[in-house]
Amino acid sequence: MPIAALSASTKDDPLAHITAPPVSETDADRRARLEAEAEAKRISDAIDEEISAEERAAKKGQIVKILLLGQSESGKSTTLKNFQLMHSPKAFRAERASWRAVIQLNVVRSIRIILEALAEHQAQQNVPVHARPTTANGSPVTPPSDIRLTPDHLKLKMRLTPLLQVEEVLIKKLSPAGSGETEATQLAAAANLTGPLGRYKDKELAVNSSFAWKGVFNRLMTNTRDSFEGDAIDYDSSDDPGRVISACCEDMIRLWTDPTIRRLLSEQAIRLEDMGGFFLDSLERVASLRYTPSDDDILRARLKTLGVTEYRFNIKEAAWAPYFDDVNAILFLAPISAFDQALAEDPAVNRLEDSVLLWKSIVSNALLSKTNIVLFLNKVDILRQKLESGVKFADHIVSYGNRPNDMESTSHYLRRKFAQIHKEHSTKDRTFYCHFTTVTDPKATQHILIDLQDTLVRKNLAQSHLVA
């Protein structure tokens, strides 16, 4: 039966006229036509879906580049660990045994610093008064301390000497002889250096980023294909340094908590709690024979790395990935707790001053004029502790003047200083992103990183004119 004639409105529409079925179309013709149209639509939809899938895959596969910058011990490695914990938690936790060894190294190195402080104090006490160096007016360069070590202190020192051998073993495992890929000053060189902290810096193990140091500890696993949780670590291995560390646990606690020892450390201006890899307040736990590092422990572990390290991982919050090119952002870490410290490389340069100069060079670089630069004023927990303990910010940062020596005032001052440099030296106008951080606090840091991602998304979407 023929289809009815076109309506008047259809006749007036040229597209409707072209696409309209023939006037003489039969029912059979109509069924055939509809089947053909349905098949054509199915093929078209399949092509559209394939194109969309390719676009989604391309977006997911797009490389997002974030560059971490900052001086040594600013928190770069810890920030990277936070990214790993957020986006590759299984891989992060698969390295527990390796980080357990690093934490063991951190513990024995802290103890060694204390033992060296004791040895240095003993040596000073044994020097006759007439043989001590003097100033121009004849007074001793280093006045003799009234701290007296007891025989119990010396016995404690002797009982803890096996930990020095543990440190040597761990260093050798992490820096194989002849590899040419690591840099570590050997313990024997310490005799030519001055002061426990000076020796601490020069003897710190430094691992080159190209050396797969984590693989060294795979043999301590009961099964390298496991998830590497606690039950995957071979605690009974004869190679486990935890045996000696566990045996020395009580003596280490006694040494660290001894009032005389704490006073001696204070006199020598040694604040172990301000250094990376500090675990002495958790010795009962981390020195236990079956110790397994927590996520927080891994974030706090200290291992100096040299060279450029590149990590790739999938971002769960992938919606923002397609909107960035080249280096998407620079995260600059400035350890503001270091206002009273000097560079290990140059004792004449204040560490905070060095961070400010480095920040200035980054924001003024014309090649980075289109790059979002995010400032992390890091280690605010240590800054707060120092200020509350009585360390005067103005004694080291003269321009601070007579402002209050508290966290709120100092942090406001520092933020304003960095912001001023950002405004005056940026080659183009751009937003000043600044966060006060303690990157060893995973929850707070991950909130900041997520908020930062969202902020950068909005900015780049606006620049792309995709949102108002």
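Easy rule for this one: first residue shown is 1, then count along the chain.
In case you wondered, yes, glycine gets a Cβ from its N, Cα and C as well.
Values in this document were obtained by computation on a predicted structure and should not be read as measured data.
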Statement: Among 1-32, 225-256, 257-288, TrEMBL marks as region 'Disordered' the stretch 1-32
- request: Provide the number of Cβ atoms within 10 Å of the Cβ of LEU299 (GTP binding site), excluding the reference atom itself.
  value: 23
- prompt: So which of the binding-site residues is most packed in, judged by how many other Cβ atoms lie within 10 Å of its Cβ, out of LEU303, ASP381?
  reply: LEU303
